[in-house]
Each structure stands twice: as C-alpha cells, then as structure tokens.
Amino acid sequence: MLGAAAERHRSGRASQALVPTMGALHSGHAALVDAARGANDVVVVSIFVNPLQFGEAADLQRYPRTLEADLDLLASAGADIVFAPAVQEVYPDGEPLVRISAGRLGETLEGASRPGHFDGALTVVAKLLHYALPALPADFRAYFGQKDAQQLALVRRMVADLDFPVEIVGVPIVRDADGLALSSRNRFLSPAEREAALVLSRSLHYLKGQADRHEPLDLNGALAMIGSVPLVELDYLEVVDPASLAPLAFNCQDTPFTGEALALAAARVGPVRLIDNVRLGAGQGPGAEPR
Ligand SMILES: Nc1ncnc2c1ncn2[C@@H]1O[C@H](COP(=O)(O)OP(=O)(O)OP(=O)(O)O)[C@@H](O)[C@H]1O
Ligand SMILES: CC(C)(CO)[C@@H](O)C(=O)[O-]
Ligand code: BAL
C-alpha cells in the first residue's frame, strides 16, 4: 500500500466498502467487488444465506452453498475481508422480534409474490451495514446489483429514511453472452429451461428498442412473446418509475415513450424464479443490455 492510501489508513480515514451476497458467487458478484475495489481502500464481502428473507423452506434448503469456490473468486477479485457468519451468529436469539419494515414499496412486484421477503432482506442488510461500519465512517459505501432493482430501491429508501451513514452504489446487470442475467439460481435450470428463460431478456430488449426510438411501448406484444414459451410461467411484466416503482401507465399503449422508466419482469421457469429488468430512456448505466 502506497502514499495517499497508506496515509488514510494511518489517520483512520480509509474508505470502506461492503458487498453483501448470499454466496454461490458468479461474475455478477465479481462486478460488485470490482466496483468496490476501484473506489475504496478496504473491501468487505459478506456471504450469508439469510433465512429471514426466504418464503418456501425448500428454496432455503436447496440454495447453493459453495464457500470454497467463493473464497477463490473473492481472492482473485481482490476482496480484503470475507465475512461468512453462521445463522446463530447473526440471529443468536432466533428470529428477531423487531425488524425493518419495507412498507408499501415492499408489497408490490417481488413483494407481492414473496410476502415478507423485503422485510427480511432489509433487516439483514441493516445488520450487515452495522457490522461493516468503520470506526470513523468518513467514506462508507455498500454495493448492490441493479438486477435486484426493487431491493436496490428499497435499500436506498432505508438508508435515506433511517439516516444510515452509508452511500449506496448500484452496479449494472452482468449477463451471459446470450443475454440471460447471471443468477446463482440459474444452475438449477435444465438446458431446455435455460433456453426458454431467454424470453425474459428478449422481451425487455424488445421494449427497450421501442423506448430508444421513442415509440409507444408494446407491452401486449412483449407479454405475447413470453406467453408463447410454454416452460415460462410469467409472474409480472411492468413498466414503473425507477425510484418510486409506481406503475407508469401513460407510457404504454398509444403514447410515444418519453422520459425514464424501468421495465421489470419475473417468471418461474421450471424450479426457479427468475427476475430481470432494463432501464428505458435517459440515464442508463453502461452495463450490458438484454438482447
Ligand atoms: N447478474 C448480476 N449482475 C449484477 N449484480 C448481480 C447479478 N446477480 C446478482 N447480483 C447482485 O449481487 C448481490 C448478491 O446477490 P445474490 O447473492 O442473491 O445473487 P443472485 O445471483 O441474485 O442469486 P439469486 O437471485 O439466485 O438469489 C445483489 O446485490 C445482487 O443484485
Ligand atoms: C442483499 C442480500 C445479500 C441480503 O441477504 C440479498 O438479498 C441478495 O443477495 O440480494
Ligand atoms: N438476490 C435475491 C435474493 C433472494 O432471492 O432472496
């Protein structure tokens, strides 16, 4: 460590980043660590499969756990500290009586299909932020993927509404070459299911093309694309305001698309629930777009 960074460490003003994950790491997680590595002196990565945010017991039980491979990936990605606590360390008295409420924003979209999910996710994010908070929090950042767009919006609201001393950084979605958003649960897809799952990114790409050309968004056409793939059971496809996640009906049907929006989709494909999204209009990040 040289020069300015060493001085920041000496004076206790080193910047610190937290990258919360549930393990089974892939290149999407590596992109979060890269972003954190590029802007902070110390990078902490947590690996914790949080029982509080799971609905179905089977989903929690079969969630992939690959700690050895995760540690290798994190060493290559340049993480400084890996925090992989046992459930008893995080919840020594069992499930907490008091938890963070995600409020109305936690009841739509993912929250409608996974009741309580965001209360559980925000509660553990709050705890992880407390664990990783530096003694002198001059520069404390936490990194989240834009793939979980509703989670990112809710974490931003939590730190704003509850005055957490941390900057939240959103990282663009990392996709496979064919457009599928990387996800730890993708490993449970059969080859046929994985091929079928591509309709999610394709339908979002279809909408993005219309938004780029300022045409009306053909939501019905996108729904029909998804409906034509028998292995894909659509949960929702919605166009919403990126910050409030409120539905943006005026942008659909016959009105040429203007402004900014987020198109979000979720579907069950075989044993897996998949989510994906794309920014429509101005202000898009540099990340890979669905195709
Ligand atoms: N493809 C991706 N691109 C960018 N960020 C991602 C991607 N996949 C996951 N992330 C982010 O990594 C962080 C940890 O996510 P998590 O460990 O749940 O991985 P995951 O692949 O989303 O797993 P799953 O969806 O199967 O639970 C979250 O902030 C999430 O948004
Ligand atoms: C943020 C998180 C690590 C909290 O458990 C989880 O929801 C995730 O992996 O997105
Ligand atoms: N990244 C999503 C976490 C979950 O599905 O519980």
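Using N, Cα and C of the backbone, Cβ positions are placed for all residues, glycine too.
Predicted automatically and left uncurated, TrEMBL annotations should be read as such.
The annotation ATP binding site is assigned in TrEMBL to 22-29, 145-148, Val174, 182-185. Neighbours of His29 (active site, proton donor), defined as other CB atoms within 10 A of its CB across all chains, total 27.
Sequence annotations record features per position, and here TrEMBL assigns active site, proton donor to His29. DSSP assigns His29 (active site, proton donor) to a helix in the three-state reduction.
If you look up TrEMBL, you'll see Gln53, Gln151 marked as (R)-pantoate binding site. Within 10 Å of the C-beta of Gln151 ((R)-pantoate binding site) we count 23 further C-beta atoms, all protein chains included.
Just so you know, the Cβ of Gln53 ((R)-pantoate binding site) picks up 20 other Cβ atoms within 10 Å once every protein chain is counted. Residues or ranges marked as beta-alanine binding site in TrEMBL: Gln53.
Checking the binding-site residues Leu25, Gln53, Val174, Ser184 against ligand 3, the ones with a C-beta less than 6 Å from an atom of that molecule are Gln53. Rounded to a whole number, the C-alpha distance linking Gly28 (ATP binding site) with Gln53 ((R)-pantoate binding site) is 20 angstrom.
Less than 6 Å separates the Cβ from ligand 2 in the case of Met22, drawn from the recorded positions Met22, Leu25, Gly28, His29, Gln146, Val174 in sequence order.
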